[in-house]
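Novice: First the structure, then my questions, so here it is.
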Amino acid sequence: MGGRAIVTDTNIFSGLESNTTGVTAFSMPAWQLALWATAYLGLVLVAVTGNATVIWIILAHERMRTVTNYFIINLALADLCMAAFNATFNFVYASHNIWYFGRAFCYFQNLFPITAMFVSIYSMTAIAADRYMAIVHPFQPRLSAPITKATIAGIWLVALALASPQCFYSTITVDQGATKCVVAWPNDNGGKMLLLYHLVVFVLVYFLPLVVMFVAYSVIGLTLWKRAVPRHQAHGANLRHLHAKKKFVKAMVLVVLTFAICWLPYHLYFILGSFQKDIYYRKFIQQVYLALFWLAMSSTMYNPIIYCCLNHRFRSGFRLAFRCCPWVTPTEEDRLELTRTPSLSRRVNRCHTKETLFMTADMTHSEATNGQVGSPQDVEPAAP
């Protein structure tokens, strides 16, 4: 998170600089700075382009505008904002240890990018909850469009509330002629306020959402993988739909695992640093921080790649979006995949599915000769 990195880096780095002249203890050779700049630039370009394309694919094609995909839009928007604002400006600050962007942007940097990170994990949690209801409880009412929009708005409001303390206590200081953007916690004896904030953020924005998603996807997986297909339908549409649901769940589990792996070292960096403050005085800590921050920010660029690799509709959308590239050749099937509506027979089949699922809920596999398998909610779960 932008503010957290700024606070720790600047407060520690400032103390070191007060005993140095000219070049700071955290300066790095030009070639090293160029390598880091290239790594961060590549990350930002891939993340912004990929997430903007995901948003376009969903908004530009009516067939893709579904409850789960609106949460995916929210996730993509949050990741795009994190890459554009947090990764870019925090890298400049961490590599130079000077705040170039003014007081107003100091407040902004300690609010909006942090909010976006919170929105990202909460959007993934909302997707897990939506899939849980659709697959485990298929006969329960699904979220309506107004409720979905209200949920997304609520996610942003909660995220803003969690990020606001850092923004409120943000300030500009000047140390040895260098401008700093720091968070001055009131009466923070021994850094207890900072440690408490890091622990609260870790629990509310990392640990608890991951526990909720782990439970949700575990139940979803058990429900899908134990679901049997009647023998006479083993090669029909129901089997394809069941496989599509499984593929979507695998994709979202991969998204969650990627987020968890990318962000865990970054959270631990700040929590452990609250107990061992002397580690921030080691010269190698700047390189450690830049590596951990890049790993955390890289989570913003993986999701579009996962969607493209594991979902045929998003793959078609990416081909259409990049059709101007000479090595990309979209087909008519790609266009139809995003624009055609389900056939009458498929819609009738979905209605029949709901009826027969209800009638055969307690039947064994051998008895369900007229049953339909799969949730009646989403024929193509990858574009639910």
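In case you wondered, yes, glycine gets a Cβ from its N, Cα and C as well.
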Novice: Is it the same side of the membrane for Ile58 and Leu338, going by what Swiss-Prot records?
Specialist: yes
Novice: In Swiss-Prot's disulfide listing, Cys106 is paired with one of Cys81, Cys167, Cys181. Which one?
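Specialist: So the cysteine paired with Cys106 in Swiss-Prot is Cys181.
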Novice: May I ask you to check whether the transmembrane segment (70-90) and the transmembrane segment (291-310) make contact, with contact taken as at least three Cβ pairs under 8 Å and only pairs 6 or more apart in sequence counted?
Specialist: yes
Novice: Among the recorded stretches 108-129, 252-272, 291-310, which has the greatest number of Cβ pairs closer than 8 Å to the transmembrane segment (33-56)?
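Specialist: Result: 291-310.
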Novice: Counting only residues 6 or more past its boundaries, what in the same chain has a CB within less than 8 Å of a CB in the transmembrane segment (150-170)?
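Specialist: Beyond its ends, the transmembrane segment (150-170) has Cβ neighbours at 3-4, 7, 70-71, 74, 106-107, 110-112, 114-116, 118-119, 122-123, 126, 143, 181-186, 197, 201, 204-205.
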Novice: What kind of secondary structure is Cys324 (S-palmitoyl cysteine) part of, going by DSSP in three states?
Specialist: coil
Novice: Counting across all protein chains present, how many other Cβ atoms fall within 10 Å of the Cβ of Cys324 (S-palmitoyl cysteine)?
Specialist: 6
